[in-house]
Amino acid sequence: MESKAELRHRMRRQRRQLGLCERTRAARQLTAVLRRSRWYHHSHRIACYWAMDGEMDLGAFLQRAHQDGRVIYLPVLQKKPTKSLRFYQYRPGERLRANRFGIPEPRPRQANRIACRDLDLVLVPLVAFDQQGHRLGMGAGFYDHTFAFLRHQRGRWRRPRLLGIAFSFQRIVELPVEPWDVPLAGVATERGLTRCQIENRSCSSNPNRS
Ligand SMILES: Nc1nc2c(c(=O)[nH]1)N(C=O)[C@@H](CNc1ccc(C(=O)N[C@@H](CCC(=O)O)C(=O)O)cc1)CN2
Ligand SMILES: Nc1ncnc2c1ncn2[C@@H]1O[C@H](COP(=O)(O)OP(=O)(O)OP(=O)(O)O)[C@@H](O)[C@H]1O
């Protein structure tokens, strides 16, 4: 069986090989998928990411969401506590600066910071995912550490909702589950949005109603 490291390597390579046309079309389709979702309509404060390494680009979505009156946030890497992220507001057009991985991030001004618990929706970059809502990321554990508090929440009310973002080819049958994995509420690709039933860990495909 393919190890996590091998799978990560294969998916990242495949992702980087997508052509510009295909990427642009997928990003446009994803924008439509997200904007017609129930979760989008109920979310005011939305954390996005700045794409790298061939990831699904959220640039188009971010512009539209801003026009729709949503407040957009981007992650900023923290030195302490290690491997954690903080989120700062981003208005399209604002200047960003590259972090140590070369990913553009906002200047960390206190007035623009939001506590993770106050976000409504977090769009999480995926390297791979399965239909149970398990995710494979870059392997550094930033999202798992930052949103570890969600693992202890029970009941219907969870904030923020973590929504994985990927190309549909990144879906695999089953990923190994780690104790620290923070479950996704759903996954959105250019083909639609799939909600994951976090409580019983099964997943239902529900492209238009989420
Ligand atoms: N767009 C985007 N932003 C993000 C993430 C992400 O996955 N995508 N992250 C999600 O966690 C965090 C950053 N995590 C990252 C983890 C590893 C690498 C990376 O490129 N690793 C290189 C080796 C880098 C080095 O050590 O110099 C590699 O694996 O090739 C980049 C970002 C926060 N921001
Ligand atoms: N809550 C936690 N407590 C302790 N260790 C953690 C926790 N969350 C993550 N980790 C560590 O972080 C690493 C994350 O590994 P994993 O391969 O699951 O990352 P990933 O989910 O693919 O990546 P990412 O979260 O960066 O997108 C693991 O080595 C694990 O030891």
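Glycine too: its Cβ is placed from the backbone N, Cα and C atoms.
Automatic prediction, not curation, is the source of TrEMBL annotations.
In the three-state DSSP scheme, Glu6 (ATP binding site) falls into the helix class. Contacts of Glu6 (ATP binding site) defined by a Cβ separation under 8 A and a same-chain sequence distance of 6+ are given as none. According to TrEMBL, the feature ATP binding site maps to Lys4, Ala5, Glu6, Leu7, Arg8, Arg135, Leu136, Gly137, Met138, Gly139, Ala140, Gly141, Phe142, Tyr143.
What TrEMBL records for Glu55 is substrate binding site. In the shown protein chains, 22 other C-beta atoms lie within 10 A of the C-beta of Glu55 (substrate binding site).
If you draw a 10 Å sphere around the CB of Arg8 (ATP binding site), it holds 17 other CB atoms from the protein chains shown. In this structure, Met138 are the binding-site residues from Lys4, Glu6, Arg8, Leu136, Met138 whose C-beta falls under 6 Å of some atom of ligand 1. Between Ala140 (ATP binding site) and Glu55 (substrate binding site), the C-alpha separation comes to 16 Å. If you count neighbouring Cβ atoms within 10 Å for each of the binding-site residues Leu136, Met138, Ala140, the highest count belongs to Leu136.
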